[in-house]
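Chemist: Pasting in a structure now, in structure tokens, and then I'll have a few things to ask.
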Amino acid sequence: MSGHDTPIPMTSSKCGPLSGVAQVPGDKSISHRSLILGAMAVGETRITGLLEGEDVLDTAKAMRAFGAEVSQHGPGEWSVHGVGVGGFAEPENVIDCGNSGTGVRLIVGAMATQPITATFTGDASLNKRPMGRVTDPIALFGAQAHGRDGGKLPMTIVGAAEPVPVTYTVPMPSAQVKSAVLLAGLNAPGKTVVIEKEATRDHTERMLAGFGAELTVEDTNEGRKITLTGQPELTPQDIAVPRDPSSAAFPVCAAVIVPGSEITVPGVSLNPTRNGLYTTLIEMGADIAFENEREEGGEPVADLRVRASETKGVEVPPERAPSMIDEYPILSVVAALSTGTTVMRGVKELRVKECDRIDAMARGLEACGVTIEEDEDTLIVHGMGQGGVPGGATCKSHLDHRIAMSFMCLGMAAQNPVSVDDGAPIATSFPVFEPLMAALGANVTRDS
Ligand code: S3P
């Protein structure tokens with residue numbers, strides 16, 4: 001099993017105003033998809049701005065194992081020589097996706113309609129996560145899955161030798177499941193239809209169209225209906241990966257909660273399937289200006305100018321959850337430093353992320369002196385106002401990068417330092433978090 005052998009305990013303590021420019025790394029979702037679609041195209045896809053976090057590097061290794069030639073040419077500059085739709089080779093070894101649910105679920109989808117067998121594993125976090133959500137739909141294409149403990153990794157997938165196209169309604173709001181079905185549909189003859197009741201991030205649809213697949217998207221009574229014509233020849237692309245709005249969330253929220261701060265975060269995606277946090281922060285009274293709105297790498301982006309603000313609690317509409325699903329942990333930190341109560345309903349998907357994020361945030365915030373209410377699908381944070389959180393606790397990160405970074409941001413604005421037992425998972429999505437936050441003026445240190 002993969003994973004970090006040595007935990008990295010970290011502490012964040014109160015700092016002066018944050019200032020400067022935060023150049024956050026490339027988008028994780030788009031980085032995974034660039035490598036996978038590049039591997040399924042015929043010829044060379046060139047990528048700039050690729051996130052070189054552990055999750056994406058594991059996907060790069062996996063694409064090599066399936067026969068693509070994947071090379072790094074400089075920081076963030078990569079090329080993929082693809083093998084074409086249906087051209088994957090059978091890997092010689094187990095595919096280790098590390099901490100990455102996106103990596104494993106998308107790759108399982110991509111190989112499920114090819115006549116090969118592959119075994120997947122991950123770290124202690126990934127091996128606990130539900131995989132039935134992808135093995136159910138790939139079975140309809142004709143693939144077989146043999147997993148541990150009713151559908152967990154390690155798992156062997158026997159790809160369908162003669163796949164059939166499917167029509168599938170995704171039972172939970174999940175871009176990973178939608179994408180796994182679409183990637184499987186690439187090598188099935190005829191039309192594969194995916195229906196999602198709630199719109200989730202749409203990078204796979206946008207990128208499939210960019211690679212030349214025939215794909216239509218319609219809003220219907222049943223939901224958003226995506227129809228893909230199978231067995232296209234995908235044309236290699238030049239991809240400029242935009243910066244990750246989910247990583248930008250950490251310096252943005254840190255600047256909101258640390259009094260006197262003013263920072264700029266350039267090139268943040270305003271893709272409506274990803275920008276729910278920014279809408280919510282503005283409703284809470286955060287001072288965020290969107291400057292130089294433009295298009296980069298096929299995504300609408302803007303430079304965010306963020307000033308520290310006295311924020312107030314809000315009720316986050318449940319239908320906004322898919323567009324900010326990864327941002328609830330850091331939102332709960334802003335909520336703790338706001339006046340009034342913040343109610344987050346419709347968030348049960350948080351329980352099956354890299355860890356149970358409702359439980360991890362609730363326990364850590366409580367340890368820092370914040371009053372929390374929760375049920376299966378809800379997190380409620382009773383705010384203590386700017387500077388009002390006592391802090392002074394060590395919180396567990398549960399192998400979850402976003403939990404570790406959220407508590408490090410809390411430490412910047414709490415009365416006493418906040419520690420995490422293990423900050424190592426931060427490297428999965430935001431390897432430059434520590435130097436980037438230090439350059440803005442934060443005190444985040446590794447404990448010896
Ligand atoms: C992702 C989809 C989301 C998100 C994850 C990345 C993707 O997961 O939480 O970090 O790239 O498709 P779900 O599809 O499980 O909601």
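Cβ atoms here come from the backbone N, Cα and C positions, even for glycine.
Curation plays no part in TrEMBL annotations; they are all automatic predictions.
Per TrEMBL, the features are:
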type     : residues                                            : note
ACT_SITE : ASP326                                              : active site, proton acceptor
BINDING  : LYS28, GLY101, ARG129, GLN176, ARG357, ARG402       : phosphoenolpyruvate binding site
BINDING  : LYS28, SER29, ARG33, SER174, GLN176, ASP326, LYS353 : 3-phosphoshikimate binding site
DOMAIN   : 16-435                                              : domain 'Enolpyruvate transferase'
REGION   : 1-23                                                : region 'Disordered'
Chemist: Out of ARG129, GLN176, ARG402, which of these binding-site residues is nearest LYS353 (3-phosphoshikimate binding site) by C-alpha distance?
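Modeler: Of all the candidates listed, ARG129 is nearest in space.
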Chemist: What is the one among the binding-site residues LYS28, ARG33, ARG129, LYS353, ARG402 whose Cβ has the most other Cβ atoms less than or equal to 10 Å away?
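Modeler: Top count of Cβ atoms within 10 Å goes to ARG402.
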Chemist: Could you tell me the C-alpha distance between ARG402 (phosphoenolpyruvate binding site) and the residue listed as 'active site, proton acceptor' in angstrom, no decimals?
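Modeler: Distance (Cα to Cα, whole Å): 8 Å.
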Chemist: In the structure shown, which of the binding-site residues SER29, GLN176 has the fewest other Cβ atoms within 10 Å?
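Modeler: Per-residue Cβ counts within 10 Å for the binding-site residues SER29, GLN176 bottom out at GLN176.
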Chemist: Which of the recorded positions ARG33, GLN176, ASP326, ARG357, ARG402 have a Cβ less than 6 Å from any atom of ligand 1?
Modeler: GLN176, ASP326
Chemist: Provide the number of Cβ atoms within 10 Å of the Cβ of ARG357 (phosphoenolpyruvate binding site), excluding the reference atom itself.
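Modeler: Its Cβ has 25 other Cβ atoms within 10 Å.
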Chemist: About how far apart, in whole Å, are the alpha carbons (Cα) of SER29 (3-phosphoshikimate binding site) and GLY101 (phosphoenolpyruvate binding site)?
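Modeler: That comes out at 11 Å between the alpha carbons.
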Chemist: To the nearest whole angstrom, what is the C-alpha distance linking GLY101 (phosphoenolpyruvate binding site) and ARG33 (3-phosphoshikimate binding site)?
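Modeler: Answer for this pair: 13 Å between alpha carbons.
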Chemist: Under the DSSP assignment, what numbers of helix, strand and coil residues are found in the region 'Disordered' (1-23)?
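Modeler: Secondary-structure composition of the region 'Disordered' (1-23): 0 helix, 7 strand, 16 coil.
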Chemist: Please report the number of other Cβ atoms within 10 Å of the Cβ of ASP326 (active site, proton acceptor).
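Modeler: So the Cβ neighbour count for ASP326 (active site, proton acceptor) comes to 24.
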Chemist: Of all the Cα pairs drawn from LYS28, GLY101, ARG129, GLN176, ARG357, ARG402, the residues the record ties to phosphoenolpyruvate, which distance is largest, in Å?
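Modeler: Binding-site diameter by Cα atoms for phosphoenolpyruvate: 19 Å.
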Chemist: Any idea what DSSP makes of GLY101 (phosphoenolpyruvate binding site), helix, strand or coil?
Modeler: helix
Chemist: Please list residues from the chain of SER174 (3-phosphoshikimate binding site) whose Cβ is under 8 angstroms from its Cβ, counting only those at least six apart in sequence.
Modeler: ARG133, THR200, GLU349
Chemist: Determine, from DSSP, whether SER174 (3-phosphoshikimate binding site) sits in helix, strand or coil.
Modeler: coil
Chemist: On average, what pLDDT score does this prediction assign to the domain 'Enolpyruvate transferase' (16-435)?
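Modeler: Over the domain 'Enolpyruvate transferase' (16-435), the predicted model scores a mean pLDDT of 98.
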